[in-house]
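What TrEMBL says about this protein:
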- 1-10: compositional bias 'Basic residues' (COMPBIAS)
- 1-20: region 'Disordered' (REGION)
- 87-113: transmembrane segment (TRANSMEM)
- 125-143: transmembrane segment (TRANSMEM)
- 191-209: transmembrane segment (TRANSMEM)
- 229-251: transmembrane segment (TRANSMEM)
- 258-279: transmembrane segment (TRANSMEM)
- 291-312: transmembrane segment (TRANSMEM)
- 324-341: transmembrane segment (TRANSMEM)
- 384-401: transmembrane segment (TRANSMEM)
Amino acid sequence: MVTTRSRSKNNRATDKDRSKERYAYRPRSTFEESDALVGCKTIDHYLQYDCLLTREELQRLDEHVYSAVDTSWLDELCMKKFWEAVVIYYPLWVAPNLLTLIGLIVNLTTVLVLSFYCPTATETAPSWTYFLAAAGLFAYQTLDATDGKQARRIGASSPLGELFDHGCDSASQVFVTLNVCYALQLGTVRCGVFIACLISVSLFYTAHWSTYCTGQLRFARFDVTEAQWSIISMLLCTAVFGPGIWSIGVFGYSLKHLLLAAVALGTIYQALGYLAVIFTEGVGKNGSTVAGTSVLFPICPLLAVIVPYCMIYSKSASSVYDDLIVIFVLQFGAVAAKATNRLIVAHMSRSELSLWDWIYMGPIALMINQYYDIKIDEPRLLKYTTVYVYLSLLVYCLFITRQICDHMGIYCFKVTTPQRAANK
């Protein structure tokens, strides 16, 4: 039930002034010395530009309060009760971020097992691997949904927990989507695997784009929980009947293509909803973002991720990216995850986004090799650049996490308060 309170005109005017002040544009200040720096001028310059927050950004992140509206059908029907029943069995010494990390590792492990048997998403894997993937996704969903409940249960809620949760979710998008690709054998459809991953990460980014504009994360009636249960059901059906079940003809079309059409329509509907929020509900001055910047600018980092990979995939004269499609979309997913993480940090710290990111050197290297006919072996370059982008993502996550922990006087994976914080 929503409760409204009447306020005087003076109070409403004061609230409006405070809102303007909170969401006013603030250009990024000069970076100051930090314990996170390593002492090498070149590396420190990279860290300052790519990985670290200024003192003002850390202060605003410290003030951040999580805000969300959840109207998910399954959450309200049964899942919230299930998660509340599960969380009471967690030991009080288990840190919420540790639950999030375990869920990410479980999800990654099960996807890698399926990737071993389906390197091009055209093969049929043993039935147990699909069961394992379904169980892994269920475990990931449960741990991801209960980490916040564990944080509130033990009094360990913090902005770091929200950032860590959404950061792991951004990395998991491509893993979850690959499960669908393996179950439906989308490698048999031209560009099928890449398009599926492109839609998934773009929709996730757009959801946080709308949050950057409104300051509030909103869940629709059919959202993450329903999508995950649809994928779990798909994996279980594949485990029982085999991938061939999705090739059964229905009304002259294969079941696989009908499912893809339904997903496409659902994606368009969801994306239009996010865009409507972006263009009409910005909380900053003149409908701007929480940082007081244009609501249109976040599309630039998204295009900087999507366009190069579309060009790389379409330009290749060989089948190298189809033969190594898993590695290709894993690299794409890492670059998209870092762009999304930057957007989440910008929302929580009410700071402007930057367009350039050093992780873009991965796709740029692939493009230069193609368009200038440099004789570097494409499969080998793809593997090298994939390692590079994951290292870039890992370094970013490690330094951001360490800096926030130092600033707030907390540990990431421990409930115990550090001594330096206790002495303050």
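A Cβ is built for glycine as well, from the same backbone N, Cα and C atoms used for every other residue.
Automatic, uncurated: that is what TrEMBL annotation is.
Since the structure is predicted, the reported quantities are computational estimates derived from the model, not experimental observations.
Sequence-distant neighbours of the transmembrane segment (87-113) (same chain, 6+ residues past either end, Cβ-Cβ under 8 Å): 129, 132-133, 135-137, 139-144, 146-151, 153-154, 156, 160-161, 164-165, 168, 171-172, 175-176, 178-179, 411-415. Of the candidate ranges 229-251, 258-279, 384-401, 258-279 has the most C-beta pairs within less than 8 angstroms of the transmembrane segment (191-209). Tertiary proximity for the transmembrane segment (125-143) is limited to same-chain residues at least six positions away from its ends with a CB under 8 Å from its CB atoms, namely 83, 86, 99-100, 102-104, 106-107, 109-111, 113-114, 117-118, 172, 176, 179, 182-183, 225, 228, 231-232, 235-236, 238-240, 242.
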